[in-house]
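After the structure tokens below, expect a handful of questions from me.
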Ligand SMILES: Nc1nc2c(ncn2[C@@H]2O[C@H](COP(=O)(O)OP(=O)(O)OP(=O)(O)O)[C@@H](O)[C@H]2O)c(=O)[nH]1
Ligand SMILES: [Mg+2]
């Protein structure tokens, strides 16, 4: 584990690859004096922007720009950090980075700066993950929620739960010393009531975290149906541009076409597919195989039917072949030709016209409803890992309640629930898991 005293210096280009006005190199580690001296030729006063020439080994200039030195522990990583702001060209940044390596730094691994910040206690794990989520945010709502988590909103909720658990555990552990009175004592302290309140609190955090996960990951919606029902037209209408080819020839779409749209800040990956029918056309057959592959990965399927025909036997066959657990919304398209009520609120059915746009707002609302979206008020960003921990903590509390009469079991389940919650903030997390989490970050963060 690196510490402020011994961390070997790491360096990376922190700005995105390609050309830009400014490019930033970040170096972190203990004892950066040699690098500062070799690169700039003079010491830097802490947290001041210095204009400097960045020097090669023979003291010729590689570039010029700003250098800022943040002595540890008052830095992002908690170690000494040097930030070099040069010109944002890949060649010049590459030369600067090589110079840092020459002076004793090594290339940073993905997420290594954030990992060091976590290991040095500057951020907890949920906050470190929020850094990556802020960078990866696909909508403004997702970015706002990531910042909430980075500011500690999620961690505070988790800590409140852990504190309540500790309080209850202290009560239970105390009774273990007086076995003859234990149950009475727990009754008198309303341990059961406290446990139920904890469960309710967990459920509230889970609900918010579920919204946060939606903002981070979005949902995959696949458009399926027979040829010519208007899947590609609906795709284009939802995307607001002509991303898929539309013709009146059945079997127009061969390949799956994907487009990312936003619904109230929730990223929705819409996937248009080849119409499902029996065919001898080799290319179309491959397209249909791809439709089934897309269905297997989807969170929701929209089965489009032509309003003039209604649901046919062929549609029923398609429905029968869909994975059991896949939610399906039936979309009656082309209502402009039949005069059906657009936006009809019957369960699992929506009436639209991809051509005129009628019923599309109702469809968008239905999509959001289907994934359980309630708006981003107070939502912090979250990941499946967090949701899983909250669910497991809740299962331990259920077990605790079931074991209420056996105080030792009761105490053990509370201990396990606490450990599981601590995984979220990283107070109880294996090195392997840390490796997996940080390896998904970008280099330079
Ligand atoms: N009047 C009307 N025509 C529509 C509507 N939606 C699609 N169409 C027409 O129906 C025909 C087929 O539309 P597509 O969007 O290509 O249908 P598809 O389901 O993608 O067809 P395949 O790719 O062959 O599976 C085109 O001529 C569209 O203009 C609609 O809401 N109203
Ligand atoms: Mg199509």
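Placed from the backbone N, Cα and C atoms, the Cβ positions cover glycine too.
Keep in mind that TrEMBL annotations are predicted by a computer and have not been checked by a curator.
As listed in TrEMBL for this protein:
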BINDING   26, 83, 122, 445  (6S)-5-formyl-5,6,7,8-tetrahydrofolate binding site
BINDING   228, 247, 249, 252  K(+) binding site
BINDING   228-233, 247-253, 272-275  GTP binding site
BINDING   232, 253  Mg(2+) binding site
DOMAIN    218-372  domain 'TrmE-type G'
Can you tell me which of 26, 228, 231, 232, 250, 253, our binding-site residues, come within under 6 Å of ligand 2 at the Cβ?
231, 232, 253
Need this for a regression test: binding-site residues 26, 83, 122, 274, 445, filtered to those with Cα within 10 Å of residue 252 (K(+) binding site). What's left?
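So far as Cα distances go, the binding-site residues lying within 10 Å of residue 252 (K(+) binding site) are 274.
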Going through the binding-site residues 83, 122, 445 in sequence order, which have a CB under 6 Å from an atom of ligand 1?
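From 83, 122, 445, counting a Cβ under 6 Å from ligand 1 as near, there are none.
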Taking just the CA atoms, what is the gap between residue 122 ((6S)-5-formyl-5,6,7,8-tetrahydrofolate binding site) and residue 253 (GTP binding site) in Å?
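Per the Cα atoms, residue 122 ((6S)-5-formyl-5,6,7,8-tetrahydrofolate binding site) and residue 253 (GTP binding site) stand 51 Å apart.
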The record names 26, 83, 122, 445 as the residues that bind (6S)-5-formyl-5,6,7,8-tetrahydrofolate; what is their largest Cα to Cα distance in Å?
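The widest Cα-Cα gap among those binding residues is 18 Å.
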Calculate the distance in Å between the alpha carbons (Cα) of residue 247 (K(+) binding site) and residue 232 (Mg(2+) binding site), and round it to a whole number.
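Rounded to a whole number, the Cα-Cα distance is 9 Å.
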Let me spell it out: for each of the binding-site residues (122, 231, 445), count the other Cβ atoms within 10 Å of that residue's Cβ, using every protein chain shown. Which one has the most?
231
What does the structure give for the C-alpha distance between residue 83 ((6S)-5-formyl-5,6,7,8-tetrahydrofolate binding site) and residue 274 (GTP binding site)? Integer Å is fine.
51
Using a 10 Å cut-off on CB atoms, tell me which of the binding-site residues 250, 274 is the least crowded.
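If we count Cβ atoms within 10 Å for the binding-site residues 250, 274, the smallest count is at 250.
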Restricting the comparison to the binding-site residues 26, 228, 232, 445, which residue's C-alpha is spatially nearest the C-alpha of residue 250 (GTP binding site)?
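Closest by Cα distance to residue 250 (GTP binding site) among the binding-site residues 26, 228, 232, 445: 228.
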When you average the Cβ positions of 228, 247, 249, 252 for the K(+) site, which other residues in that chain have a Cβ within 8 Å of that mean position?
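Other same-chain residues with Cβ inside the cutoff are 227, 246, 248, 250, 251, 253.
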Taking the centroid of the Cβ atoms of 26, 83, 122, 445 as the (6S)-5-formyl-5,6,7,8-tetrahydrofolate site, which other residues of that chain lie with their Cβ within 8 Å of it, listed in sequence order?
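For the (6S)-5-formyl-5,6,7,8-tetrahydrofolate site the neighbour list reads 14, 28, 75, 76, 77, 81, 113, 114, 117, 444.
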Taking every protein chain in this structure into account, which of the binding-site residues 228, 232, 247, 252 has the most other Cβ atoms within 10 Å of its Cβ?
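Its Cβ has the most other Cβ atoms within 10 Å: 232.
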Which binding-site residues are spatial neighbours of residue 232 (Mg(2+) binding site) here, meaning Cα within 10 Å, out of 26, 249, 253?
253
Looking only at DSSP and grouping its letters into three states, which state does residue 83 ((6S)-5-formyl-5,6,7,8-tetrahydrofolate binding site) belong to?
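Residue 83 ((6S)-5-formyl-5,6,7,8-tetrahydrofolate binding site) sits in a strand per DSSP.
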